[in-house]
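Here is what TrEMBL records for this protein:
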type: BINDING; residues: Glu71, Leu95, Asp96, Asp223; note: Mg(2+) 1 binding site
type: BINDING; residues: Asp93; note: Mg(2+) 2 binding site
type: REGION; residues: 145-166; note: region 'Disordered'
Amino acid sequence: MRLPNGLIEDAGAVLREAAATAILPRYRALAASEIEEKSPGELVTVADREAEAILTRGLAALLPGSRVIGEEACAADPSLIDAAGEGLVWLVDPLDGTANFAAGEPVFAVMAALLRDGETIGAWILDPLEDTLCSAELGAGAQVPRRKPAPIRTSDAGPRLSPGNMKGSIGRFMPPDIAGAVAKRAEAFGALLPNMKCAGAEYPAIAAGERDFAFYWRTLAWDHAAGVLLLNEAGGKAARPDGSPYRPGCAGSGLLAAHSPEAWEMVQAALAAGDLASRSNA
């Protein structure tokens with residue numbers, strides 16, 4: 001079943017409205033009173049909350065009967081994510097990379113994913129500063145707008161044949177024993193790049209061939225649902241470390257994203273990623 005005609009464009013317009021109204025006017029202009037710590041190490045700003053309100057109203061109106069589950073709403077009521085597997089659901093990250101945004105760093109994004117009975121069928125990732133909207137539809141490919149929208153294909157980036165030629169990043173939030181094992185195994189790679197602290201920037205970078213892989217441990221639905229679909233529809237691969245599909249809202253640790261299925265297999269083997277995840281989930 002395809003998305004309704006015009007939904008890719010209409011949802012993109014809602015993301016742009018949220019960015020233009022709530023986010024961009026506050027970039028490098030936040031007052032200290034507009035930044036809070038909602039949990040240890042986790043920031044939220046007035047821009048997050050106002051953007052989520054705009055996204056909630058706008059996206060729900062596009063598909064009557066759908067519901068919106070936003071990151072900030074879930075922070076107040078974690079049980080909301082339990083409904084992600086029922087009917088049509090929008091998963092929203094109103095400002096991915098909040099810490100970057102609050103520090104005035106130019107790495108943040110607005111993300112939305114549309115789920116049907118728990119399966120991601122649509123994805124939108126907006127870079128507000130560049131006004132670049134990546135989108136994807138299940139079974140129909142991924143696009144990035146230029147003068148004329150053109151498909152992203154990770155194969156355009158060219159093959160890399162060994163871990164020693166790969167560059168990528170390792171995520172945060174790992175248990176100490178897992179982090180130590182990953183750090184040791186990651187020495188096989190040609191370059192470890194700094195984690196961007198913004199999955200909404202990393203997934204498009206992998207799809208475009210600017211990075212080869214990213215290994216995440218914490219896999220919150222609003223952080224990853226859109227990016228996983230985008231990358232898989234672009235010809236790359238994002239999956240649980242054991243190769244099973246990522247399903248938003250389902251329990252589990254670890255997510256490996258790479259610019260091609262072949263690269264995914266190489267990174268998985270180099271990190272022994274499936275073993276790491278099984279150790280944590282045992």
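Using the three backbone atoms N, Cα and C, a Cβ is placed for every residue, glycine included.
Structure with TrEMBL features highlighted.
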residue: Glu71; record: Mg(2+) 1 binding site; contacts (Cβ under 8 Å, 6+ apart): Asp48, Glu52, Val92, Asp93, Pro94, Leu220, Trp222
residue: Leu95; record: Mg(2+) 1 binding site; contacts (Cβ under 8 Å, 6+ apart): Ile23, Thr45, Ala47, Asp48, Ala51, Phe101, Phe108, Ala109, Val110
residue: Asp96; record: Mg(2+) 1 binding site; contacts (Cβ under 8 Å, 6+ apart): Phe108, Ala109, Val110, Met111, Cys198, Ala199, Gly200, Ala201, Trp222, Asp223
Discussion item. Counting Cβ atoms within 10 Å of each candidate's own Cβ, which of the binding-site residues Asp93, Asp223 comes out highest?
Written reply: Asp93
Worksheet item: Applying the rule Cβ within 8 Å of the centroid of the Cβ atoms of Glu71, Leu95, Asp96, Asp223, what extra residues of the same chain belong around the Mg(2+) 1 site?
Response: Asp48, Asp93, Pro94, Gly97, Thr98, Ala109, Met111, Ala199, Gly200, Trp222
Worksheet entry | Local backbone state of Asp93 (Mg(2+) 2 binding site), from DSSP in three classes | strand
